[in-house]
Amino acid sequence: MMSTMSIKEGLLVILLSLFLFDTTALIHRREIPHMESKGQMQRGQVLLGGWQERSPEDNEILELLPSVLTKVNQQSNDEYHLMPIKLLNVSSQVVAGVKYKMEVQVARSECKKSASEQVNLKTCKKLEGHPDQVMTLEVWEKPWEDFLQVNILETKVLSSV
């Protein structure tokens, strides 16, 4: 016969769960909203698993950018490789790995695509006469699996000045 949990045991389980939740947040140095806030977060609080703004100068992200552009160029039907000009905005979310939302200013380079050769975008020069673009990308990285997925969410052509 199955035994039922007493009220005291149930309360103990709830209290233990809340303690573990607060401890996990503390370990990860993240602030959590209190139960009484009824879903409203205060300035400076971070939602666990939520999106966080990142600096476009963050070395971790700058090191990832060439691989991201390689994936973008694989998806593009353009005859020329796109090259990064400037990383405009970045936010990240911890999931099974890390998801990034990036806004990257890119330009068409003088380097033509060829199935047989690997291109180093750092050596490519900007192809003049073509406007830059701002691409909004969603990037999912799981480095322990050597996994990188890039989705192009939006592309805007910048008007030439």
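Cβ coordinates come from backbone N, Cα and C, glycine included.
Some features that Swiss-Prot has for this protein:
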type: SITE; residues: G49; note: site 'Reactive site'
type: CARBOHYD; residues: N89; note: N-linked glycosylation site
type: MOTIF; residues: 93-97; note: motif 'Secondary area of contact'
type: DISULFID; residues: C111-C124; note: disulfide bond
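Put simply, N89 (N-linked glycosylation site) is 26 Å from C111 (disulfide bond) when counted between their Cα atoms.
Sorting each residue of the motif 'Secondary area of contact' (93-97) by its DSSP state yields 0 helix, 4 strand, 1 coil.
Per-residue pLDDT, averaged across the motif 'Secondary area of contact' (93-97), gives 94. All protein chains shown were included, and the count of other CB atoms within 10 Å of the CB of C111 (disulfide bond) stands at 19. Non-local contacts of G49 (site 'Reactive site') by the CB criterion (under 8 A, 6+ apart in sequence, same chain) comprise Q93, V94, V95.
The Cβ neighbour count for N89 (N-linked glycosylation site), using a 10 Å radius over every protein chain in view, is 13. The C-beta environment of C124 (disulfide bond), restricted to residues of the same chain at least 6 apart in sequence and closer than 8 Å, consists of H81, M83, S109, E110, C111.
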